[in-house]
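Everything on this sheet refers to the single structure shown next.
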Amino acid sequence: MKSYTPYFMLLWSAVGIARAAKIIIVPPIMFESHLYIFKTLASALHERGHHTVLLLSEGRDIAPSNHYSLQRYPGIFNSTTSDAFLQSKMRNIFSGRLTAVELVDILDHYTKNCDMMVGNQALIQGLKKEKFDLLLVDPNDMCGFVIAHLLGVKYAVFSTGLWYPAEVGAPAPLAYVPEFNSLLTDRMNFLERMKNTGVYLISRIGVSFLVLPKYERIMQKYNLLPAKSMYDLVHGSSLWMLCTDVALEFPRPTLPNVVYVGGILTKPASPLPEDLQRWVSGAQEHGFVLVSFGAGVKYLSEDIANKLAGALGRLPQKVIWRFSGTKPKNLGNNTKLIEWLPQNDLLGHSNIRAFLSHGGLNSIFETMYHGVPVVGIPLFGDHYDTMTRVQAKGMGILLEWNTVTEGELYDALVKVINNPSYRQRAQKLSEIHKDQPGHPVNRTTYWIDYILRHDGARHLRSAVHQISFCQYFLLDIAFVLLLGAVLLYFILSYVTKFIYRKIKSLWSKNEHSTVNGHYQNGIRNGKYKGNGRVKHEKKVR
């Protein structure tokens, strides 16, 4: 009997090829932590049969892989210069310069790099020939929207930061939805609601008049057609995949085309290298504390490093600290400095007692995944909002880097280590985070496949972006109701006055009788007229 198995296998293979898509990812030009997420996502997409391309500047370090390919272009940064630039920003912040000033400078570099990409005709023509099915935008660098428009390809947002932008279009009642960078929770008093409103207005003004116009000028410079505003491009996203989670985020209204996929990098702990395993195994009695401020913060200021070293040296626990730079003079004997460490594997070790961190989103999700309490010292960006949520959820303590003392840091560490409520809350949040349909990376690939299957999934998109400001806030309805109320007032006023005059007229006629013996002007005939006495009328014979 003839076997049809090879034919079925060939048919199945053909179906798989037909469903495969070409996807291009446009990561930000700096922040290696964002690139880690996209590499992980690209590998997951490869496993589902898709071909993924990362659009990166020349000289940016990334390990080669069969799971993705690279499209290089001459940009303003390579890995060395972008790291030096970022560290200079951190030194400026530590020296007292406003964080907002540094963020504006970062935005300027984003747009300069975007100008170089859009103006690179060889790059753009090469990308057009690829005929991509989908482009993934990281809104930290909005050039992805411009590239998608230039290529004429469907696009979706994958936000690697803790950011739920108003541009999504979801309702955001300021009474209980804290604005990004407000450092507020969903429980606000009057003054906090005032602050939240102020931050919201400043954010909208900043986006409308500072951020988006920079990219619009690039589109105008190169005469990109059809002409579109950045608002239209941002609103045109098929899907918004946000790196947050129900365990971390405050409950808020959302939309069908917004999905939470926070925790892409989380995974079970792997065995430690032999030298680290011996080190942590020697911390059986008191355990150990892990200290790391992420790949983006390599050099702390001397003042902060000394405060950390002093507080950590007073702990009975062992301490392992990811550290680069000059060794603090007051470093304790219990503290081990190391330039790189397997953070996830250490967080998953049974002897860990606490994590001292900058509050980076990837680090916090790994910490939550393993149920470890945390003390956070935010430095910039979404670190503050992330740690605000961690503290509000009872999983850790937030400290301000520019005001914290050695004693306060020591007390906070002792509190999260010795107070069991912090570990209990961390473990509960870990349960909530894991109790969802599939790992975050699998949920992400599912939704990417979904919008590919349904040609952008326009049925998920709300009509909020097709209505005007007046329609959204029902100002036209309010105007009509107000106008109706005013008209009703004048009509009722007119009718009331008319009825009053009629009644008064009838009453007046009844009072003006000329028959003897009846009232005339309210006075008995022949008695009084006004205040004086009057004569009787002559009798009629």
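Heads up, the Cβ atoms here are built off N, Cα and C, so glycines get one too.
Lifted from Swiss-Prot, the feature list:
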SIGNAL    1-20  signal peptide
CARBOHYD  ASN78  N-linked glycosylation site
CARBOHYD  ASN333  N-linked glycosylation site
CARBOHYD  ASN442  N-linked glycosylation site
TRANSMEM  472-492  transmembrane segment
REGION    518-541  region 'Disordered'
COMPBIAS  526-541  compositional bias 'Basic residues'
Pairwise Cα distance for ASN333 (N-linked glycosylation site)/ASN442 (N-linked glycosylation site) [Å, integer]:
44
Which residue, of the glycosylation sites ASN78, ASN333, ASN442, has its CB surrounded by the fewest other CB atoms within 10 A?
ASN333
Rounded to the nearest Å - Cα separation of ASN78 (N-linked glycosylation site) and ASN442 (N-linked glycosylation site):
31
State the three-class DSSP label for ASN78 (N-linked glycosylation site), counting H, G and I as helix, E and B as strand, and everything else as coil.
coil
What does DSSP call ASN333 (N-linked glycosylation site) in the simple three-state scheme?
coil
